[in-house]
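**Student:** The structure follows.
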Amino acid sequence: MRAPTKRPERRRTGGDTGIRRLRRKRPWLIGELAIVFALLEVYGYVRKLAHTRYGAALSHGRDILGIEDHLGLDVELGVNRWLTRHHDVSQVSVWVYQHMHTNLTMIVLLLCYLAAPDVYRPARNALVLINLAGLAVFFVLPVMPPRLLPGEGFVDTVAGAGFGITHSPPLPADQYAAMPSLHVAWAVWVALVIMALLRRYRVRWVAMLHPATTAVAVVVTANHYVLDVVAGVAVAMAALLATGLVWARNGTLYAAGQLISRKGPAPAPDADPAAESPHAPDDDDLAKPEPAGSRAESPS
């Protein structure tokens, strides 16, 4: 009986292979824009409900002040009044609040998309989760920011900045969306993504100045409570852990294979901390899961 002949495999053209490789490494831009559009639509829907939730937002805002007073965290009024006496610091704080978080987030996201697509996917997913979590809380628990609380003595430094800064960007903000602080959540996301992209251990820690600066700015300008900041950090870390961009093992924190923090002494200045990560992949394989069956089992 004649043995069946094996058909020769069709060779893909170079163009087809290149397109498939590009698609695998970098998502289609039209799909990414669709995600942004969908988030804006949901945000717009939640924002339209703001005028119907004044009473609940006011009550929740005062409840948060009461909780902070009980915990000894009610510093918002004191630092806000201090800010009104220091004009230059006030201008910088308002600029950080209004512009820094959006611009830097978009820049880091674009850099990931162009230069590190394998980091971009979990980073984008984490940012989407952060915003969805924030929108869910805004919908269920509207909170009036300190600057809008009547009779509490807060000064709206953003409205009084005097150089074109307002609370009305191209997409008007939800005025009752203080909890959690998405300014802080985005800033934590930016810092951890930068840490995932950079190699030098000590230089990467400079990225943490961004969330620290943002946290101070949103509180002193009376746009958020201290507990909003805590909630923003928690939401960001939960999203980063859920998408796998950040993970912890044996007391050590990693971002896409880069060492973030660990128990014990810091690594030597010339050492590559990424090499110490049990998950640290090559540059071309960042955020890729380990293929099944890649580890050989020991014979029984």
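The backbone N, Cα and C atoms fix where each Cβ goes, glycine too.
TrEMBL annotations: computationally assigned, not manually curated.
Small disclaimer: the values here were computed from a predicted structure and weren't measured.
Below are the features I grabbed from TrEMBL:
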type	residues	note
COMPBIAS	269-278	compositional bias 'Low complexity'
DOMAIN	63-241	domain 'Inositolphosphotransferase Aur1/Ipt1'
REGION	263-300	region 'Disordered'
TRANSMEM	28-46	transmembrane segment
TRANSMEM	95-114	transmembrane segment
TRANSMEM	126-144	transmembrane segment
TRANSMEM	176-198	transmembrane segment
TRANSMEM	205-223	transmembrane segment
TRANSMEM	229-248	transmembrane segment
**Student:** Taking the domain 'Inositolphosphotransferase Aur1/Ipt1' (63-241) alone, what is its mean pLDDT?
**Tutor:** 88
**Student:** Determine whether the transmembrane segment (205-223) and the transmembrane segment (95-114) share at least three Cβ pairs under 8 Å, counting only pairs 6 or more apart in sequence.
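**Tutor:** As far as Cβ distances go (cut-off 8 Å, pairs 6 or more apart), the transmembrane segment (205-223) and the transmembrane segment (95-114) touch.
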**Student:** Which of 95-114, 126-144, 176-198 has the most Cβ pairs closer than 8 Å to the transmembrane segment (28-46)?
**Tutor:** 126-144
**Student:** Who are the long-range neighbours of the transmembrane segment (126-144) in its own chain, taking Cβ under 8 Å and residues 6 or more past its ends?
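**Tutor:** Long-range Cβ neighbours of the transmembrane segment (126-144): 35, 39, 42-43, 46, 49-50, 53-54, 56-58, 60-61, 64, 105, 109, 174-180, 182, 185-186, 189, 225, 228, 231, 235-236, 238-240, 242-243, 245.
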**Student:** In the same chain, which residue numbers or ranges, 6 or more beyond the ends of the transmembrane segment (95-114), come under 8 angstroms Cβ to Cβ?
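**Tutor:** Same-chain residues near the transmembrane segment (95-114) but 6 or more away: 26-27, 32, 120, 123-124, 127, 158, 165, 169, 183, 186-187, 189-190, 193-194, 197, 210, 213-214, 217-218, 221, 223.
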